[in-house]
Amino acid sequence: MSYKAKTVVSARRDQKKGRVGLTEEQKQEIREAFDLFDTDGSGTIDAKELKVAMRALGFEPKKEEIKKMISEIDKDGSGTIDFEEFLTMMTAKMGERDSREEILKAFRLFDDDNSGTITIKDLRRVAKELGENLTEEELQEMIAEADRNDDNEIDEDEFIRIMKKTSLF
C-alpha cells in the first residue's frame, strides 16, 4: 500500500502541468466525433453539434458550459468551432477527467475499508505507512482543513477539492 501511495503521488508530481498528451487513438476518436457532427462538411461545428459530439465522447456538458467553452475557444467570434479548436478543448477536458480519476485512485488508497470517507484512523494508518510521525493534533488539523460539512471525515468531493487546492494533482 505505501508503495502504491508513493507511486500515485510521485507520478502526478512528475507529470507536466497543462496540456496532456493524447494517444493517437484518442485523437482519432475526437476526429471521428467531430467529423460525425460536422454534417455539412464545412469543417466547423456549432453549439448544438458540439454538445452532441461531447456526449459521444462520454461527457455530459450543461448548456452554460457549452456557451462558456465556445466563447473561450471561438476566437474569431463565428459561433462555430473548427477541428483544431475542438481538439484543444477536448484535450483539456480529458486532462481534467484524467486528473479526477488519479485523485480518486489516491482517495481509495486512504479509504481502505471502502466506507466512502477518509477518517482520522485512515489518515493515521497512511501517515504511519509513509513514515510520517504526525501527532493527533496534526492529523485532526488535516481533517479539519478538508472537511466542509463538519462530519470529521473527508468524502470524495472534499478530497478532490483539497488536492486541487494544494496543487498535488
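Keep in mind that glycine also has a Cβ here, set from the backbone N, Cα and C atoms.
Residues or ranges marked as region 'Disordered' in Swiss-Prot: 1-24.
Each residue of the domain 'EF-hand 1' (25-60) gets a DSSP state, and the totals for helix, strand and coil are 23 helix, 2 strand, 11 coil. Sequence annotations record features per position, and here Swiss-Prot assigns domain 'EF-hand 1' to 25-60 based on sequence analysis.
The Ca(2+) 1 binding site feature in Swiss-Prot is assigned to ASP38, ASP40, SER42, THR44, GLU49; the stated evidence is sequence analysis. Note on GLU49 (Ca(2+) 1 binding site): other Cβ atoms within 10 Å of its Cβ, all shown chains, come to 20.
For the domain 'EF-hand 2' (61-96), the residues of the chain that approach it from at least six positions outside its boundaries are 19-20, 22, 26-27, 30-31, 34, 42-47, 50-51, 53-55, judged by C-beta separation under 8 angstroms. If you look up Swiss-Prot, you'll see 61-96 marked as domain 'EF-hand 2'.
Of all Cβ atoms in the shown protein chains, 18 besides its own fall within 10 Å of the Cβ of ASP74 (Ca(2+) 2 binding site). Sequence annotations record features per position, and here Swiss-Prot assigns Ca(2+) 2 binding site to ASP74, ASP76, SER78, THR80, GLU85.
Here Swiss-Prot flags 98-133 as domain 'EF-hand 3', drawing on sequence analysis.
The Ca(2+) 3 binding site annotation in Swiss-Prot covers ASP111, ASP113, SER115, THR117, ASP122. The Cβ of THR117 (Ca(2+) 3 binding site) lies under 8 Å from the Cβ of ASP111, ASP151, GLU153, ILE154, ASP155, each on the same chain and at least six residues away in sequence.
Within its own chain, the domain 'EF-hand 4' (134-169) has Cβ neighbours under 8 Å at 9, 12-13, 99-100, 102-104, 106-107, 110, 116-120, 123-124, 127, counting only residues six or more beyond its boundaries. If you look up Swiss-Prot, you'll see 134-169 marked as domain 'EF-hand 4', on the strength of sequence analysis.
A coil conformation is recorded for ASP147 (Ca(2+) 4 binding site) in the three-state DSSP classification, outside any helix or strand. Using a 10 Å radius centred on the Cβ of ASP147 (Ca(2+) 4 binding site) and all shown protein chains, the other Cβ atoms total 18. Summarising the annotation, Swiss-Prot assigns Ca(2+) 4 binding site to ASP147, ASN149, ASP151, GLU153, GLU158 and lists sequence analysis as the type of evidence.
Of all Cβ atoms in the protein chains displayed, 11 besides its own lie within 10 Å of the Cβ of SER78 (Ca(2+) 2 binding site). Looking at ASP38, GLU85, ASP111, ASP113, GLU158, the binding-site residues in this record, the fewest other C-beta atoms within 10 angstroms of the C-beta turn up around ASP113. Spacing of ASP40 (Ca(2+) 1 binding site) relative to THR80 (Ca(2+) 2 binding site) is 13 Å (Cα to Cα, whole number).
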